[in-house]
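A quick write-up on the structure given underneath.
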Amino acid sequence: MSTTSIESNNDIGRSVKTIGVYSIGPEIGKGSFATVYKCFNTKTNESVAIKSVVRSKLKSKKLVENLEIEISILKTMKHPHIVGLLDYKQTTSHFHLVMDYCSMGDLSYFIRKRNQLIKTHPVISSLLERYPSPEGSHGLNEVLVIHFLKQLVSALEFLRNKSLVHRDIKPQNLLLCPPLHSKQEFKDGGFVGLWELPLLKIADFGFARFLPSTSMAETLCGSPLYMAPEILRYEKYNAKADLWSVGAVLYEMTVGKPPFRADNHVQLLKNIEKSNDRIKFPSAAQVPESLKRLIRSLLKYNPTERVSFNEFFNDPLIVNDLEGNDEPLETSEMDENLFISEYISPIKSSQKSQYIEPITTEVAVKEKSKQDLPAREVSTHASESQTKAVDTRPSSRDEEIKEIINKNSPGPETSRSIQPHNLKEKSLVLKNKDNDIILERDYVVVEKRAVEVNAIADELAHAGSGAVAINPRRTSSGSDNSYNGPNNMQLYRRPSLRSNSSGSQRRPSFTDRRISISISPTNALTKAIGLASNRLFGVNASGSPTNRLIEETDERLAINENNSSMNATNNTFSTILSNPNFANNLLIQKLNLPTSATVANNSQTNTSPQLSPQSKTDESVLNRLESLATKAHAINLFADVKFSQLIPSPPSSDALDDDLLHQNDMLPPKIVKSISEEGVVLYVKTLSLLAKGMVIASDWWYSQFEIDDPSNKNSNENPLKQSSNNNSDDLSLAVRINELVQWIREKFNECLEKAEFIRLTLQEANTLLSNEDSSEYMGNSNSVADKTRVVAEKLIFDRALEMSRNAAVNELVKEDLKGCELAYSTAIWMLEALLDEDSSNDEDRLDDEDKAMVEKFIVSIGNRLSVLKRKLEVV
């Protein structure tokens, strides 16, 4: 086998041009351990799919065994309705499985995207014109359902004869190929169904096992939404588990959604048990009785009551001939080499789906920052040494915080029923319509603030020269190379940022925003966060060109403690909440937390009587901005957890099996609505805190005109340029304020776009709910869950207390003490955010009793944090 000499461990598509005789094409699929590429044989010019499995990710014996079994099974699988293994290659870093290329994607994609594909894909257009879905139905035409069923059964019967159980039957593993060109070719190939329709093939045998009919297995595997209840109960099971999965897939083909849905395994099993074998079909789906009967026989809770394989294989729907048109579909304009997603036209910037595909979790961005960027961006990234050091990425610490928040997150349904821990729920119960109006009103207010936020940030940015924004106040003693020169200005004023003339204009794509934040953050942004970190946490943390693990960060901070007297403007840090050594001066005063010598020295220095009156004012403003920024950042991470639940998440953990990545692919509209409502109010809360910070910055900025030019004779000049004689403290504080303002602006715009995405998702969920049978989605229309208005304050309060409780339990058993410290710190900031209310919104303001209770919890958690910090110092 001949390959190029360079091969990446994570993404062969960026470095390897060929694998043997196969030329590597674009990526068409991705899982936890493997990436699928569209390739073609350079000798025959035939398209193939290559599944490349990264060796380094197969860290357990079980994973290697799964791959070996999949390969051994596929080598013996020669069936027209099973994806064939054409070739197999190995390198030092990858296993490459060369397989049949199925250009029409998977069944799940076909069901979900057919309304878009009908406009652009010639075969699907012809297919759905001939066999349209019933009016008002989200499912497929009866003929298509039975056609695909026949082909699926043909493959299962073949597996059954070989004593194989697939264990992961789901729409994502049922791939589609274009119809064959003639009826004779169809017969010669041994296919079943209608010759003129697309072909279905079973794929992904990673969980398959040789399991004789008398044997039982007990491994939890497969996709939760299609798992048999005996697997969900962790009981032993046999091949009949596949029959349940077939029933679930068949139901989805007829109705357009899985028969049972939930946000976790436990709730899914409860929903299945609650149904008591009563499978309901929406009237709009117009499912024929014969199909209903078959589906119900497959979806029997008790495996012994489930239809047998013999009965299933001999069902009249399967054995009887299916009458078709016997005329070929329109294929003249189809290019069989194009993958199905390539037929969907570019998405308009106004459509929400622009946000979905490019979104990745911060961890994924961290792992893929180099290989996933276009070549020109990679080279830019490599050449910008300062930026590279800056991009130590907030993901390491932020992702840990998100994990802590998510770990303590009840499901969307559960969270509605949690008592508010004595936090009053005055006016929380409203009609859905009123709730939507309130969400819309809050969102519109935030949208309007975007103009003001960007305007003041632009004015500050242009006051000096980019990153040097208030440069005229600099003195020689305060010079810093990182602020000088045009390069930093160019980095800061990169094209993806809003210009002064378009401060209120939205970015055309979320992709640009993610790249600008995660890949090429500005020097000013990093400086701002680093400076804020110094004040907030009392530690001078030096930057790192790589995203070190938390333990490494803590060690580095301990080492750098001796260097704490360095000027704060020389520090770089990746995020406001990046240091668990939580010692914000504001909280020190309130909670009487222990302070290190470093913090004490910094505090004494910062409050030195040598500071000019202007410096004292600037320092006060900086303190307020840093406090608001940190509170906003904590709530933003909570909101990001909700955001990540609504988008297709790329694999972020080697421990995740591929099937688990599809849990959120098709969440029930009711769950989507619940998550979206929570996400919107959390982002609105974040935005209100950030906007409040910008108001403070605006007042400070315009007060400079009055200070420097009371007579207002030179109001058109930058007042700071008239203060060249100010000392270095004045200059340093002003620059730090400006940098923090730019960070707030960037975070504000990012949150606004995410809130917009969630708002559109919420609208879509509401539309689906209004169109569906109320008994299917809404349950009891008088239920509290359907009337409860989502309030950010309650969500934040509940989550902060849950985090601190779990941290206390872990602390008692001496488990993950660093994580406990981070959980306590984050919980305190979240509760502090509750006390920082929006003066313009009286409806959700806490009364005095509630405020006193929140403050009590802050003190209580702060005391726990104080005790824990002393423990860690001893350790």
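Going from the start of the chain as shown, residues are counted 1 onward.
Cβ atoms are placed via backbone N, Cα and C, with glycine included.
Quantities reported herein were computed from a predicted structural model and do not represent experimental measurements.
Annotation comment: Swiss-Prot describes D168 as active site, proton acceptor, evidence class sequence analysis. The ATP binding site annotation in Swiss-Prot covers I28, G29, K30, G31, S32, F33, A34, T35, V36, K51. The compositional bias 'Basic and acidic residues' feature in Swiss-Prot is assigned to 367-379, 390-405. The compositional bias 'Polar residues' feature in Swiss-Prot is assigned to 380-389, 406-420, 473-490, 497-508. Here Swiss-Prot flags 22-318 as domain 'Protein kinase'. Annotated region 'Disordered' per Swiss-Prot: 367-422, 470-515, in sequence order.
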In the structure shown, with every protein chain counted, which of the binding-site residues I28, A34, V36 has the densest set of Cβ atoms within 10 angstroms of its Cβ?
-> A34
Alpha-carbon distance [the residue listed as 'active site, proton acceptor'; V36 (ATP binding site)] in Å = 18
Cα distance, the residue listed as 'active site, proton acceptor' to A34 (ATP binding site), nearest Å?
-> 16
The rounded CA-CA distance in Å from D168 (active site, proton acceptor) to I28 (ATP binding site) is 20
What residue among the recorded positions K30, D168 has the most other CB atoms lying within 10 A of its CB?
-> D168
